[in-house]
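Trainee: Sharing the feature lines straight out of TrEMBL:
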- B:32-53: transmembrane segment (TRANSMEM)
- B:59-79: transmembrane segment (TRANSMEM)
- B:110-134: transmembrane segment (TRANSMEM)
- B:141-164: transmembrane segment (TRANSMEM)
- B:184-204: transmembrane segment (TRANSMEM)
- B:235-256: transmembrane segment (TRANSMEM)
- B:262-282: transmembrane segment (TRANSMEM)
- B:289-309: transmembrane segment (TRANSMEM)
- B:315-332: transmembrane segment (TRANSMEM)
Amino acid sequence: MSKKLLRISGVNKSFPGVKALSEMQLDLNHNEVLALVGENGAGKSTLMKLLSGIYVPDSGTFEIDGQEVAINGTKHAQELGISIIHQEFNLMQDLTVAQNIYIGREPRRAGLFLSERALNRKARLLFDQINIDLDPKDRVGDLTVAKQQMVEIAKALSYKSRILIMDEPTAALNDAEVATMHDLIRNFTNEQTGVIYISHRMDELKAISNRITVIRDGAYIDTVDTESTTMREVINLMVGREISGNQRPASQTPSDEVVLKVSGLETKGFLRDINFELHRGEILGFAGLMGAGRTEIARAIVGADRISAGTIELKGTEVSIGNPAIAASLGVGYLSEDRKHLGLLLERDVKDNIALSSLKMFSRMGVINDKAMKSTAATYIDKLRIKTPSSAQTAKNLSGGNQQKIVIAKWLVKDCEILIFDEPTRGIDVGAKEEIYTLLNDLVAQGKSIIMISSELPEVLRLSHRIAVMSEGRLTGFLSNAEASQENIMELATQNTTGAVLTPLPASSAQRSTS
Amino acid sequence: MTLTKDAAQAAKVASNKQSEFNTRLRASFQQLLAFASLLALVLFFSVASSNFYQAANLSNILLSTVVTGLLALGTTFVIITGGIDLSIGTGMTLCSVMTAVFMTQLGMPMIVGVLCGVLFGALMGGINGFLVAFLKIPSFIATLAMMMVAAGLALVISGTKPIYTNEVAGFQKIFALGKSIPGLVIPNAVFILFAAAIVAGLLLSKTILGRYTYSIGSNMQATALSGVNVTKWTVLIYTVAGCFTGLAGVIATARLNSAQPAGGAGLELQAIAAVVIGGTSLAGGKGSIIGTVIGALIMSVLTNGLSIMSIPQEWQQVAVGVVILLAVYLDMMRRKKATN
């Protein structure tokens, strides 16, 4: 038995209130590409941050070539030969390719002066070695995303890395670029090295990886041979749990009335041909992986982002929504996933936040009637059971669940017909989640219509009447609550919409909606 | 049963009242602190020099606060939105020149001239707002450019010479030096400053405009996503701020009975200093008019007191600089404590 290139065992990591990883394990052979897959929040990024020395584990061991190591700090990780290529690039747009790669390690003359020539020569040598087609003198900001990705990889390899970890390296690439990237990875892999490859694109894993490790909810699930495993089996491993029947939505059925109709919606460079209808009294769930384009749809509908094509109809009338102010006046409210930055005025008090969208209602000739504002705030504090000592409490002092309720109250005061919830329960504890769920069900019972974007499949399955699934900027299918399961949602969510779909879906489990 | 429920309800209401009171108390503590520093300064100078605590001198201090104070009032709005306005100093000068032009060369009646002077300030503020909100030019740059444009225009329009308003009957008396209240040595300009401060305070605390000023400053994106037309309101807020610049121009003209086209540069920094000493955060979202008024008073008390103690002017500047650093540092410490 040869020693593993990298072996991780018994790793635990907790954050205040959350257990991010428990007894995590993983091993990487020499000359291997190991795929790491898991749902959003499974613990992939925590694991990566442990490996790159950004986080320190609570317990557990890391071994490289059988040698136990304690990774303390990013610099140390580099010295150990571990390089990570993050999804977001860490490149300086205004420096050249070579300047980026050797930042902090510039060749110097007389210990003081930079030598641009030596720098470029060094970079060219590196590119020849690893067979990358780049010009050291190009300004990084002028390069395509694919080329920038190459720069990141070249930078990682310039540290004489042995273990390369890539986080969705192909998320922004087209098929030809993906092929080049895969060549590069194969080129890099040899008896001394190995790659951990994180991706959501199932077809890609088949093409590049030797084995696949599946993690879920911060725990290790299984490692399988790519050759002998179908992607459906991998998805089953990823999803795992089944949810019990009684968590399905109340019998309340939405009416036939279409309150919102989106046709042919596109945004520049991302969303493609989005078509769907929302009915009165319906919760339409939007599922998909991170970056699939769900938030972008919401932002496009309320006019926060510009749309490049398509129409939006409210109750049969076509409308043009240029900014969120127009959306609000038409009764469409958006509750952002990023409560702290995009939803709340953290430094202002509860009543200011609740009244923000409808200040005109509380004023005559521009002068605010504080009493009316206060009593309305009190009504909603009561109604939504917001736990706050008073309506004058600063928003930042409340818990996540109560902050979310404030944001909901804001849109209820505005009396919006259509509410778009983006990750309504993110960062909220279990008890408060239940209350939010009840609230959503109450709202549709009262005739409001809801679009709910969520990355938590059990939540989507439990609340939605229908589920729209997205992948890479497109809608890949609609599922009714009855036919939806975590498996067929994940299958639609991991479809590669730019190329061919590898495993066609059985007609019964998913239908492409044409409405 | 109902009785205990009622009692619990009453207790809850009482505790709500209590915590609301605490929140209010904490907010006013800041102003108390600034006010206490002002009193301490006054006390110190009164002891240090017998010439300080004299009616005539105190009235002088107030009078010297008026122009910077008015500028500081307007710029408080801009700073609370998270912006900055560097154009108020020379902008005030341009408004002063325009006021004189309106009254003398265009022969407008005094009141109309005054109104037009204020509106001219509003126009300049509106242009600043347009540059910042519509064209998305950072406020520092937009108003820096505006500062230069205004300085130049003031010289061009006046032909680089002062424009005298002596022939406008009663202008100086009514808008600057006249004393309307018998037995009180305080000149009218000071009352105008306090009236303007009250208007600014009400605008900021009681109107939609004020509420949006705070919300844009604390989180512009969230405000926009809440359906508030941030672009429109930003322009309005800058326009309102400009009115105060215009008024400052009018008062400056009345006080000297002339428009001096070369002055004004540097006043914007004094006004910003007053705002900052008053506890308004340059990061936006926080601040108050009462704080700004106290900040402006602290600045002029300091300058006046040091002069009376015959401290050379160059050292006065050093002292003012140190006071600004101290004030802002103390404010930061206090805030840190409050969040912990």
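Every residue gets a Cβ built from N, Cα and C, even glycine.
Give me the lay of the land around each of these features.
Mentor: Within the chain carrying the transmembrane segment (B:32-53), a Cβ under 8 angstroms from the stretch's Cβ atoms is held by residues 277-279, 291, 294-295, 297-298, 301-302, 304-305, 308-309, 327, 330, 334, all 6 or more beyond its ends.
Beyond the transmembrane segment (B:110-134), the same-chain residues lying 6 or more positions past its ends with a Cβ under 8 Å from any Cβ of the stretch are 74, 83, 85, 87, 91-92, 94-96, 98-99, 102-103, 142-143, 146, 150, 168-171, 174-175, 230-232, 234-250, 253.
If one looks beyond the transmembrane segment (B:141-164) by at least 6 residues along the same chain, the residues whose Cβ comes under 8 Å of a Cβ in the stretch are 84-87, 89-91, 93-94, 96-98, 100-101, 104-105, 124, 127-128, 131-132, 135, 257-262, 264-265, 268.
Long-range contacts of the transmembrane segment (B:184-204) within its own chain (CB-CB distance under 8 A, at least 6 residues past either end) are made by residues 55-56, 59, 62-63, 65-66, 69-70, 73-74, 76-77, 80, 173-178, 210, 213-214, 240, 244, 247, 251, 254-255, 288-290, 292-293.
With a cut-off of 8 Å between Cβ atoms, the residues of this chain six or more beyond the transmembrane segment (B:289-309) that come close are 30-31, 34-35, 37-38, 41-42, 44-45, 48-49, 51-52, 57, 60-62, 64-65, 68-69, 72-73, 76, 194, 197, 200-201, 204-205, 270-271, 273-280, 315-316, 319-320, 323, 327.
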Trainee: Taking B:59-79, B:235-256, B:315-332 as candidates, which has the most Cβ pairs under 8 Å with the transmembrane segment (B:262-282)?
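Mentor: The listed stretch sharing the most Cβ pairs with the transmembrane segment (B:262-282) is B:59-79.
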